[in-house]
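Feature list (source: Swiss-Prot):
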BINDING   E173, R219, H448, R485  L-aspartate binding site
BINDING   R219, D220, E221, Q228, E478, G530, F531, D532, R533  ATP binding site
REGION    197-200  region 'Aspartate'
SITE      H30  site 'Important for tRNA non-discrimination'
SITE      G82  site 'Important for tRNA non-discrimination'
Amino acid sequence: MRSHYCTELSEANIGQEVVLAGWANSYRDHGGIIFIDLRDKSGLIQLTCDPEDSASSHKIASSIRDEFVLVAKGKVRLRGEGLTNPRLKTGAIEIVVSELTIENRSAAVPFVIGDKNVGEETRLKYRYLELRDPSMYETFRLRSKAAIAARNILDENGFLEVETPILTKSTPEGARDYLVPSRVHSGEFYALPQSPQLFKQLLMVGGFDRYFQIAKCFRDEDLRADRQPEFTQIDVEMSFCNQEDVMLIAEKLLVSMFGACGVEIKPPFNRIAYRDAMEWYGSDKPDLRYDLKMVDVIDIFERCDNEIFTNIAKQPHKNRIKALRVPGADLVFSKREMKTFEDFVRQFGAQGLGYFQMKEDGLKGPLIKFFSDADIALLVDRLGMKVGDVVFFGAGDKKTVWDYMGRLRIFIAEHERMNLADKDAFEFVWVVDFPMFEVEDGRVKALHHPFTQPKDTDKDDIEEIDSIAYDIVLNGTELGGGSIRIHKEEMQEEIFKLLGIGEEEAKEKFGFLLDALKFGAPPHGGFAIGFDRLMMLISKKSSIRDVIAFPKTQKASCILTKAPSEVDATQLRDLHIKLR
């Protein structure tokens, strides 16, 4: 039907007869000559309908309104002098229409295609209209290119694409499962997979050696900008490998996917140990586009003349006193503004926030009176203070201090007066050497998941046991991660016991895995990359909803289809379900 897409045409096509198809983006009648901006997936081009060129086409054009579906035939010509539109890729040319067909009419649309000021609820209700915006098409073109690149590079490296079940057993991995009632097995339920984790391990036991899948996953959890109840991950597993082997494949995969989207990234990526990330950046997903590294000053504060600080400093195994130097902040923020930073960190458990300012005549601030001249000089030297700098201090329980000082670091870096993060940079970092366990409310939990291989279980403090686990972080966002897995039944049973999962519960939930590990499971490991998050970052969107064709809202509902919805009583009866 068509010979070209709109933006395929240029001055090189002058004089050619072409056939275009798309939607009427806008309509203008200028003294008898009608101009129509035709839009297709590639962009816009101007159609000119002059009664002197084609009376029939002009007559048809006079009845056209926004979003009518058109097919136009005509010749490409240069626009007249002074009539070009530099904002359009095709702004130097137009199509002189000889034949025009209205393939379909449109009701009045609820918003102009491409309008960025439309509320999200309206956009999602009419998502199919929003998708007509060529910029939306470009986002999904990149997504398609990245998926193809992922498949190609993994295929080249000997990986086999295998689909794992969507209807599976409920084995909660931290979030709640989406449950599917069985009609055949009354009172029993399937679960939608939170990940293909156990199935891909079983594929390794089955000798498949190298597996991948672009997998749909489901988690019934509270949503935010970078989460959806259903999401896509690029899932990879390999046998007879170590951590280095897995990370090498992950880097090859990311280089290929970014390259397909026109972005060059260079491996190998930086690495940082989990505990260093927490001590320096207050986060296990640090944004390294800017420095702002926290420094430990607990030894200096232990000698100060302030009982609050000295009491905190007496317990360095459980407490921290951290300093965050912000270059030039004294030249940017007033004292009143710096006081608002204290209000910010109080939201996250801080009891207060101290600060010093580096002036021409030395270090100044309300806390300076508590320190000796020697310790003031030591602070200046250790922190590398220069005139105009401000240093902020956080003190208290180490996890609380890490959290609020890490958040303060991001808050300051992203402040409109600082803008420390390069919006065009892609700064990758591997976070490695994660603790195997964490203790929360007296309960032992797996920091990643219970199938992760520990480095050494012979430690007095369970929180000191490290795992062979690794996360890949990009610009402060966790893209994904993985681990070397437990491949021996005895070790897996021991880890379950440490997590408080008894023998009977382990057999009920994971008996199939434990059975498989009895039959010569190979050493194996893998990773998964959040595809939606990855595309959100590549295409510089603020939410993964912008890179999913038909996303859910933050309430996990679909405004377009009105899902979830009530179902027929007959369906409930067949599923043996009664509603209260």
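Placement of Cβ uses the backbone N, Cα and C atoms for every residue, glycine included.
The structure, with features from Swiss-Prot marked on it.
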| residue | record | CB count, 10 Å |
| --- | --- | --- |
| H30 | site 'Important for tRNA non-discrimination' | 8 |
| G82 | site 'Important for tRNA non-discrimination' | 5 |
| R219 | L-aspartate binding site | 22 |
| E221 | ATP binding site | 14 |
| H448 | L-aspartate binding site | 20 |
| E478 | ATP binding site | 16 |
| R485 | L-aspartate binding site | 24 |
| F531 | ATP binding site | 25 |
| R533 | ATP binding site | 21 |
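Beyond the region 'Aspartate' (197-200), the same-chain residues lying 6 or more positions past its ends with a Cβ under 8 Å from any Cβ of the stretch are 164-165, 168, 171, 173, 211, 213, 235, 237, 449, 451, 510, 512-513, 526. Here the candidates are the recorded positions H30, G82, H448, R485, and by Cα distance the one nearest E221 (ATP binding site) turns out to be H448. In the three-state DSSP reading, H30 (site 'Important for tRNA non-discrimination') counts as strand. Here the Cα atom of F531 (ATP binding site) is found 15 Å from that of R219 (L-aspartate binding site). According to its DSSP assignment, E478 (ATP binding site) is in a strand. A distance of 54 Å separates the Cα atom of H30 (site 'Important for tRNA non-discrimination') from that of E478 (ATP binding site). Cα spacing between R219 (L-aspartate binding site) and R533 (ATP binding site): 15 Å, rounded to the nearest whole number. Looking only at Cα atoms, E478 (ATP binding site) sits nearest to H448 among the recorded positions G82, H448, R485. If you compare Cα positions, G82 (site 'Important for tRNA non-discrimination') sits closest to R533 out of the binding-site residues H448, R485, R533.
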